[in-house]
């Protein structure tokens, strides 16, 4: 019975929290608006049950008292914040009015947090009086009381993380099944948006470009980055100078990189003109104006910008290899290239994984480089998915279509990520 | 196979790390390079292995000049302090990798791996990865990697330094057995004098890129050539008293030590140090010592189990000596001690060389 009450209490509080977050981000359906209060009431009943089980609340002088006092203090602070948002208080203290907007945002959160904290305090008191001789923390204690200050501090971050990563994603997916245009609305049209998406030439070109760009970017930046790092690791002179030079492009934004390479690759005053001025009159080099080559022009700019960073990562990894490994390999008579491939690179696996994740994230979100360098042209030859999403959502005022495209991007990322995560983390538990 | 090092110099820029070193290492000999850190002992080993280019001089292995030869062509195997195993390969893979690379046929490879595994008792570990081995097992595999290469000379670069004391003692004995079984030339770098004394046929004590003394452990222990060696070897370390040699007597303050039984190597008189090992000081049950007998007051007692180290004052200097661990000694006790001059060492005050 006590176990059940404790479990019910925990679930009610967690669900009330989620429901409240949902309401605050704008999903104000009647069910959701009432849910937090219903759930909190249920939690209150569970707390009462716990108290009954404990045969009365004795404010026992044990560790639970201190935990509960902590949560009550947190509730008082939250109530204080709430009070600052009230008109009467603001009238009495005019300086607050200049922050009115901020207080208005705080108001519901503060009120809810105060209620939550009080309820948590009650629950802890109940559990504390239930068993004064508890030797080890129970579920409630572990959830709310152990390391309490850290948990209170994490509440805003929990709000943000749940709001941004879980609820917003769900919201996007949900609306990708609607015919939202300028504003989101809940008129379902099934998979129509996806059917339209996959019959749009521009989207197909985007996907193809992303595939070419992604595969080439991944391979070339890893290979070039590693080779540069290996060359830098040969105890060369002026290493720091070279390192700075190679890393420098990384300090530029994609917009600047895109513009610089747009100019360099423009026939009228870029590479082509220079070579022609040298006397090669028929030389032609205009990748940005050729629909078949334009994505490689973008790729080149991205490599120029990104390999320096990969190199620095790899160099750090190489520096982490024990010098005695190199000596042992030399004594074993293993040539340097074989030492790199069969010994050093496998030892650098964590560095490669890090580099891979960073590069992959950069590939999926490539947008500004394309905008600055080609604006998706010539025609639609250098479109990429992120640009498609942005253009549809904010340019074409077709939110549903943009949501469908971004959902497809999410799905493609998950298709890659889930098997990888399963191999990387699931396998370890078994092995 | 013999190794000979002739007039070896090594400079890192303006810093002279090794200065005109000459060592002849006989076939089957176990030579230990001993010294404090920074004395150049590991550098010398790396030069022998070919991992560092020498600035001047030659290195001969089995009579062949290998000064400019690649490490893998010198007929050496090397064992490192950090084991330097290839972490992503199994033990067998570690042992085989060099051989595969040298295109040794499969049967031959298997035979050599099996032999090395048998000698080092690592057969059950062959399928494991280094991460799943203990420190001692890893070092065995590292030795095995040198063993499978069928080399003439083994080089050890502080191989036991990363192990705990108990394991170090065990592996030390096994190294000694291994040397008896294989009869290879071995060159071993360490800063641990116990390892040096127990393993070596000969010890080379190095300091500042120079060899201070090259000799058998007994020679080095009994007749150190200078004060540095005398101080470095022996634990607890030697007592030194400062004084003056006058004929066959050593005078320090009011104390006079009779040197008539001391084996002088050179004509000597003038300021000098006398060195007396704590374990050579006689206590109780002696009669007629040809050096000095004195009565001293115990100031500190350090029991170490088998022995007890007793601190006292002699001629105004701290003076330590060992007594049997069973003997009851308390601070403040008066004790009779005797110093046998024939077991002492005398060093010239200015040159610090043995006289």
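Residue numbering: from 1, along the chain as shown.
Cβ atoms are placed via backbone N, Cα and C, with glycine included.
Keep in mind that what you see is a predicted model, and the values were worked out from it rather than measured.
Copied over from TrEMBL, here are the features:
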| type | residues | note |
| --- | --- | --- |
| DOMAIN | A:207-420 | domain 'ABC transmembrane type-1' |
| TRANSMEM | A:9-27 | transmembrane segment |
| TRANSMEM | A:33-52 | transmembrane segment |
| TRANSMEM | A:64-85 | transmembrane segment |
| TRANSMEM | A:105-131 | transmembrane segment |
| TRANSMEM | A:152-174 | transmembrane segment |
| TRANSMEM | A:210-232 | transmembrane segment |
| TRANSMEM | A:244-264 | transmembrane segment |
| TRANSMEM | A:293-318 | transmembrane segment |
| TRANSMEM | A:339-364 | transmembrane segment |
| TRANSMEM | A:403-423 | transmembrane segment |
Task: Long-range environment of the transmembrane segment (A:64-85) - Cβ separation under 8 angstroms, sequence gap at least 6 - done: 96, 103-104, 106-107, 110-111, 113-115, 117-118, 120-122, 124-125, 127-129, 141, 144-145, 148-149, 152
TODO: Tell me, please, if the transmembrane segment (A:339-364) and the transmembrane segment (A:210-232) are in contact, taking contact as 3+ Cβ pairs under 8 Å between residues separated by 6 or more positions?
DONE: yes
Open item on the list: Pairs 6 or more apart in sequence, C-beta under 8 angstroms, 3 or more of them: is that satisfied by the transmembrane segment (A:293-318) and the transmembrane segment (A:9-27)?
Closed with: no
Open item on the list: Let me spell it out: take the transmembrane segment (A:210-232), skip the flanking residues so only those 6+ beyond its ends count, and list any with a Cβ under 8 Å from a Cβ in it.
Closed with: 239, 242-243, 246, 295-296, 298-299, 302-303, 306-315, 317-318, 340, 345, 352, 355-356, 359-360, 362-364, 366, 384-385
- [ ] Using a Cβ cut-off of under 8 Å, list the residues of the same chain at least 6 residues beyond the transmembrane segment (A:244-264) that approach it.
- [x] 228, 270-271, 288, 297-298, 300-302, 304-309, 311-312, 366, 368-374
